[in-house]
Amino acid sequence: MYFKNQIYILFQKILSACNRFPISVLFSVLATLAFILANRLSFPTLEQHQLFIRLGMTFGLGVPISLSAQALCEKVQIKTNKVKTVIFSLLFLLLLSFLIFMLKEITMVTVTRYAALFLAFTLAFTFIPFFFKAPKFELYVIRLFTSFFITYLYSMILFMGVSALLLTINLLFSINISSKAYLDIWLIVVGVFAPAFFLADIPKNHQYLTVNDYPKVISVLLRYILTPLIAAYTLILYIYFGNILLARELPQGVVANLVLWYLMLSTAVLLAISPLKKTSKWTSMFKSYLPKLSLPLLVMMLVSLYIRISAYGFTERRYFALVAGLWLVGIMLYHIFSSRKRGIVIPISLAVIAILSVIGPWSAYSTSISSQNTRFERLLTEHDMLKNGEIQPQKELSVEDRYELSSIIIYFNSNHDLSKLSYLPDGFSLLRDTKDVFGFELQRSRHDHFRQRREYFRIHLSEDELIDINQYQHFGHFTLNIHASSELKLGDFLVTANDKKSELYIYKNEDVIYSKDIGSIAKEIYNQHEGTEVLSLTKMTYSDKNQNTDIKLVFKNIYGFKDEENNSIKVESMEFYIFFSFR
């Protein structure tokens, strides 16, 4: 009977979500279906596979947009089906336009634009019901967050349970269940059941929410865990801030990311604890002092970003970081100087900024393209590589200058299109034409220049011969590289090999009785047999003697490179056997 009641409640929740948000549930189902088809079907081309991914993304974007539209209809109390039909028909046209014009392919630009729009409409769904009156907005958001977290926690448990059942069946009955089935189950659980359960729990009469409805678990998490951690993190950043001021140093580039994510979380916590500010002195102090303490840290972050942008220009990552930093400055100033402190300002302002940052001539993409083109032209002009609007090859460039020019070319090739980079000849190919046009090979890192001028070699000992050790009393095995040196002891005797000097020493009572530069021997072997990887025992053997000892060295492996610029040879590592006897 209990199980039957639970099934009934389950279907009632699904029906409730479908009745209130039918278009949103439909979009969620269509998105899930598109992703399942992309997972299941075999496609002859990547474009056909990406078509289903793009359809899934488009239907997925339709979920928050349709939720926002439904929230607007409820807010202004639109009940006639004709008006709703017009609104949702326009929504379908909007999504179709997005698929055709803004999601032609899956690239960095389309994915980040998609993420920004998804975020903006998700935020819109939360604040539309409170657009003109927002006394209980924070409680409503906490209710949504709690329902979302619980729903997807249950979904994760459901997925793991069903996956365990399939795995058990597969093991016990030798049924070949495709690994794709697990992804299908995950998509169905996350894309169909979870949204339906979550939407069924969204309150209609949010005006009845009170502080007593605040979840105890969230309250404890915020007051006793998150806020103390944020306070400790703030202290650490201030200590670092003090150190760089005393040392008169500029902040490191990593500071921007550390401060940005910390303050984004802090802003969310400020919003969440607003209903609790009167429940304890600590939460009241936290809400009052954190915005003031955040401003110097934001200034430090913006200075760090300014240094990077001045040196290397705008990229989408730096643009988004700068916009987010300026938004945080505005939010913190609002919390400091506003007497009303309406929490709804946070999602409204963030949604507007998210949309503006990815659409229009001021967007991250347009700004970054313009900035990198300006930087590219400046570098070409500085090195006399630009004449009559055409690039002139220049071989005498420093490693840093080659890398800077290469990084701009790689940026356009990876994130946009080479046709958007000024001065490149028509039909320019990254791999084919870089050296002819610029006079040097493309450098993907600051170390590429050194790798490009080096010809690496390796020499191995042929292992099909026996070593004659008849006249020798002792044997040792040495491996030398940049990380290791070796030594062997025998009574009063000590044998050492040091890679830094590439020398072999034999000591008796701390007196050197034999020494040899083994690096020069390895180089001589390479010079005599350049281009050969496997050498015979005779060619890999060096014999020597003095008044104290007889020596035989048999090289097993030699690794190194030849610098083509100055024709020098560097042995990076070697492995050899030593046979010796004392006189």
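Counting begins at 1 with the first residue displayed.
Glycine is no exception: its Cβ is also placed from the backbone N, Cα and C atoms.
Here is what TrEMBL records for this protein:
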type     : residues : note
TRANSMEM : 21-39    : transmembrane segment
TRANSMEM : 85-102   : transmembrane segment
TRANSMEM : 114-132  : transmembrane segment
TRANSMEM : 144-169  : transmembrane segment
TRANSMEM : 181-200  : transmembrane segment
TRANSMEM : 221-241  : transmembrane segment
TRANSMEM : 253-273  : transmembrane segment
TRANSMEM : 293-313  : transmembrane segment
TRANSMEM : 319-337  : transmembrane segment
TRANSMEM : 344-365  : transmembrane segment
Stretch contact, the transmembrane segment (293-313) with the transmembrane segment (221-241), Cβ-Cβ under 8 Å, 3+ pairs: yes
Stretch of maximal Cβ-Cβ contact with the transmembrane segment (144-169) [cut-off: under 8 Å; candidates 21-39, 114-132, 181-200, 344-365]: 181-200
Sequence-remote partners of the transmembrane segment (253-273) [C-beta within less than 8 Å, at least six residues beyond its ends]: 138, 141-142, 145, 218, 222-223, 226-227, 230, 233-234, 237, 240, 283, 286-287, 290-291, 294, 297-298, 300-301, 304-305, 307-308, 321, 324-325, 328, 331-332, 335, 343, 346
Most Cβ pairs under 8 Å with the transmembrane segment (21-39), selected from 114-132, 181-200, 344-365: 181-200
Same-chain residues near the transmembrane segment (344-365), Cβ under 8 Å, at least 6 residues beyond its ends: 109, 112-113, 116-117, 119-121, 123-124, 126-127, 130-131, 134, 137, 267, 271, 314, 316, 319-320, 323, 327, 330-331, 334, 416
